[in-house]
Amino acid sequence: MYLTDRSAAPAADTGPGRRRGPRPGVTPVVLALGTVSLITDISSEMVTAVLPLYLVTTLGFSPLAFGTLDGVYNGVSALVQLTGGHLADRMRDHKLLAGLGYGLSALCKPLLLFAGGIGTLGAVLALDRTGKGLRTAPRDAMISLSTPTAHQGRAFGVHRAMDTTGAMLGPLAAFLVLGAASDGYDAVFGVSACVAALGVIVLVLFVPGRRRDPSTETTGGPSGAGASEARPPVRVREALVLLRLPRLRALTCCAALLGLTTVSDAFVYLLLQRRAGVGEEWFALLPLGTAAMFLLLAVPAGALADRIGRNIVFLAGHLGLLTAYALVLWAPATPLLVPLVLALHGTFYAATDGVLPAALAGIVPEHVRASGLALVGTSQALARFCCSLGFGAAWTMWGDGPALAGAAIGLLCCATVAGLVLRPARRIRRPRSHPDERQGPL
């Protein structure tokens, strides 16, 4: 569903039957990409669910070594996102870049079977994250460009809900494979590789390619796609100049600032296991709790962001994460501790993961949409890379409690600053604009 020119398609805007077809905000592109993400996340989360315990208990990694590896895991993806976003805009073929990213990640899964040291593991995980970095911005750009501005939050919410369904099934599959196979971790890595290959096949067969006739359609954003085929290739300088947009610059800086105090999932689960006394055999199921809450709230959070403002929901999600930190630090180890922390952790992702790219729809022109998404995603991921390194070092030197307390204090300060920067501006009455100039709430 696109925001079309009234004169070009009058039948779509008149008559009682104009709401036939998919619900607003959910296009076939969103559903197809959601299916690919669901399958791919089953594969990825099978590995993610067991990797922390595998590295720390089986291979004997220290918290500092694990933090370094986890930082590489996220940092490489961050650096490659800019390349993936720019190439997708320059080539005007988002599906091709996304397919290359998914394919590279799928090829890395069987290589985990042969990686036993920090060097080889780091190389394999870096290649896997290179694939993720290549695909993230083009994939999100396809979602954004196929959806009207007013429904961006809902569209990203639906995609993230499908993605999270895979994130729920992945740890469960890993748990079942670990219990059924004698070679444990190797079996998990092998099954994960097969599932990843299936995701690539679905992408190739069912996700539409680039639009061939964009002259009749425009979608969410201040610049339509009508002239996209007539534009010269996007240059690097043109993408970097996006930071001159005040709203994009503010959102990018705040996302990076908050990322500096966002402890990685793996560390959260390790801390929760230690504080709550979760057995090693149940560790792989901890991500399942986060994913369940994410799945439950992803679409409502996106719809709420469309109504009350995406920045508000984005900041509220970080307050939920801060509450989770506080519970891990100071709450007694009761049976309710684990579900409460995981619920808050999932709420944080529901309120931030899809809401942040949705907030860019009314800011970034369509012809550089992937570059804009990559710019914000890269700044956030690089900040989280620094957080992983710093948190791992702090844990090694001072222990897990002081390290998490420092992260919590930092998050409180950063959220306060971000709240001041992103606070809604006072509305000023203006003459009614043309319908195609309306933008969704930020």
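Positions of Cβ are set from backbone N, Cα and C atoms, glycine also.
Quick look at what TrEMBL lists:
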- 1-24: region 'Disordered' (REGION)
- 29-427: domain 'Major facilitator superfamily (MFS) profile' (DOMAIN)
- 100-127: transmembrane segment (TRANSMEM)
- 161-181: transmembrane segment (TRANSMEM)
- 187-207: transmembrane segment (TRANSMEM)
- 212-231: region 'Disordered' (REGION)
- 250-272: transmembrane segment (TRANSMEM)
- 284-305: transmembrane segment (TRANSMEM)
- 312-331: transmembrane segment (TRANSMEM)
- 337-361: transmembrane segment (TRANSMEM)
- 373-397: transmembrane segment (TRANSMEM)
- 403-422: transmembrane segment (TRANSMEM)
Listed stretch, out of 100-127, 161-181, 250-272, 373-397, 403-422, that has the most CB pairs under 8 angstroms to the transmembrane segment (337-361): 250-272
Outside the transmembrane segment (284-305), six or more residues from its ends: residues with CB under 8 Å to it: 45, 48-50, 53, 153-158, 160-161, 164-165, 167-168, 170-172, 174-175, 178, 265, 269, 272-273, 278, 312-314, 317, 338-339, 342-347, 349-351, 353-355, 358-359, 441
Cβ contacts the transmembrane segment (100-127)/the transmembrane segment (187-207), at least three under 8 Å, sequence gap 6 or more: yes
